[in-house]
Amino acid sequence: MCGIFAYLNFHANKERRYILDVLFNGLRRLEYRGYDSAGIAIDNSSPSSSPLVFRQAGNIESLVNSVNEEITNTDLNLDEVFYFHAGIAHTRWATHGEPAPRNSHPQSSGPGDDFLVVHNGVITNYEVLKETLVRHGFTFESDTDTEVIPKLAKFVFDKANEEGGQTVTFCEVVFEVMRHLEGAYALIFKSWHYPNELIACKLGSPLLLGVKELDQGESNSHVFQDAHFLSKNDHPKEFFLSSDPHALVEHTKKVLVIEDGEVVNLKDGGVSILKFENERGRCNGLSRPASVERALSVLEMEVEQISKGKYDHYMQKEIHEQPESLTTTMRGRLIRGGSRKTKTVLLGGLKDHLKTIRRSRRIVFIGCGTSYNAALASRPILEELSGIPVSMEIASDLWDRQGPIYREDTAVFVSQSGETADTLLALDYARENGALCVGITNTVGSSIARKTHCGVHINAGAEIGVASTKAYTSQIVVMVMLALAIGSDTISSQKRREAIIDGLLDLPYKVKEVLKLDDEMKDLAQLLIDEQSLLVFGRGYNYATALEGALKVKEVALMHSEGILAGEMKHGPLALVDENLPIAVIATRDACFSKQQSVIQQLHARKGRLIVMCSKGDAASVSSSGSCRAIEVPQVEDCLQPVINIVPLQLLAYHLTVLRGHNVDQPRNLAKSVTTQ
């Protein structure tokens, strides 16, 4: 759950100032992945001498200020030009060791910084490796699992040189290090023993390579002809390594998604990809695994997507982008017309697998956090239109229990990033058990997109804010379309399906309408600014809305908030109700409306402070038994109502966070892409 970045220029004159700016901006683009500490390493004036390493607790700007201060104190020449240079950078979300400079990356092999490493992931056997290295005379300064990696590289390097013979290559050192590592990782190695060279490798954590050829136009069709693509030549180039594409798009759209077990060697203006043949990237001794032929792909992203534009925060921007993101999600997938004037759904990524899904014994939805809530919101319509039992699994719980998954099951994995560690473990488990695996992600080329048999890209656009907003609503829409596609062979539900398709086509306009509640939700946030807790009651389709709304308030406003199934109110939660506790009840018109009216009456009877979300025109009826604050929203098809109903709660969470003085886009202790267990 960290962000790693690297920049290497070859035969291209770049000032130290420019190199620092590239590294800092790369970290800024990755900061949503972690922001409790950061660090960089750049070349000294002589690349064959110890590099300059800067590490700092706090966010990226704390690192920038620290580096600028050190530059001032040491008279480091920012105008010095480098024809070749290799720099690495890291922004951290702590898993081992508190946020502090000694625990920040790059982690070092020891005095002299022979080897430096930036790491995203978790090394599960680091304690065993640490004990071994201590017995060989190494001392440790940090509390991190990462520190064993550069020290192990130094141990391998020293041992190989002591034994004599041919000089060990950087790749061979990294191969031997990987042979001893267990866990999930994306790593970038730098060493002054191997100037102007970087090594990257990964197993279970995301990593991409970006390539920019400075003397040629940015061609979108360039294909690597062999394992030594962009082979050694004198053409000026820039190479970038990053945890995700957000840090690459401003530099290049030529990218390569690095696969598990692959080692990428950037050297002499060329790129080599090598892959271990043995399971989990293991090989025996200092051997050279097989080369791999790969092709560049084109990054479908624009710089504007990762900027705030006219908004103060990414979360605010992404909430207000939902009419456009929903339109993009549905574009080309809803078909109206034809000889019979029928209305259908076309999901190209699933069309060859729909018959298999329809024959499934059950459909299992697997996700974490917001993605789980989106699947929960869609479960009723999936059961209704498919006639297949639908079960829900939190990914970590399924993995812990090793719950039964069968060959006759369809397992649907929902993840915005496509890299969620717990979801990936559950995916591997489902594949081993023979289930058809379907991926629903927002990231083309992500691990889930590659490992599943088929899937749907939600096309919500880049989501930078840690608290997911537009991805949630797009996930619901995709899963409603999935239900329509699965049930498309059932004549009895045709009118229902066509009504839902009409509702989907109208949905962006309804969301635009509900966004007009922005000022009203800001006023409500002002009333709740000093509260310590908030309960949210929902039922049916909107139980998921209650969970997701409470999660948003919890994540960013740092207020205790709990989403509660209204049918369970009498089984404990009612004991919390008094005249001081604010309670939100979602009571829009659907099959559960009369039951929610009863809930409102019972809460009024206990003098509860109620905020009721209702359909337009229902404010008087929901508050007839007592005073409450009513929020009226447009009414749509019941299975689409969660998309409408979550928007006011997203706005409430946003304004509550701003008014309470917290960081909206970087909530305490959280990161966007949860790539560690």
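Cβ coordinates are placed from backbone N, Cα and C, and glycine is handled just like the others.
What you see is a predicted model, and the numbers here were worked out from it, not measured in a lab.
The active site, nucleophile annotation in Swiss-Prot covers C2, and the record cites sequence analysis as its basis.
The domain 'SIS 1' annotation in Swiss-Prot covers 353-492 and rests on sequence analysis.
Of all Cβ atoms in the protein chains displayed, 24 besides its own lie within 10 Å of the Cβ of T370 (substrate binding site). What Swiss-Prot lists as substrate binding site is T370, S371, S415, Q416, S417, T420, H571.
Summarising the annotation, Swiss-Prot assigns domain 'SIS 2' to 524-667. In the predicted structure, the domain 'SIS 2' (524-667) carries a mean pLDDT of 90.
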**Report entry** Spatial neighbours, same chain, of Q416 (substrate binding site) - Cβ under 8 Å, 6+ residues apart
**Finding:** T370, S371, T441, N442, T443, I458, A460, E463, S468, A471, Q475
Report summary line: Simplified to three states, DSSP reports H571 (substrate binding site) as helix
Report summary line: Across all protein chains shown, the one of the binding-site residues S371, S415, S417 with the most other Cβ atoms within 10 Å of its Cβ is S415
Query raised in the report: Any idea what DSSP makes of T370 (substrate binding site), helix, strand or coil?
Result: helix
Requested in this report: Across all the protein chains here, work out how many other Cβ atoms are within 10 Å of the Cβ of H571 (substrate binding site).
Outcome: 10
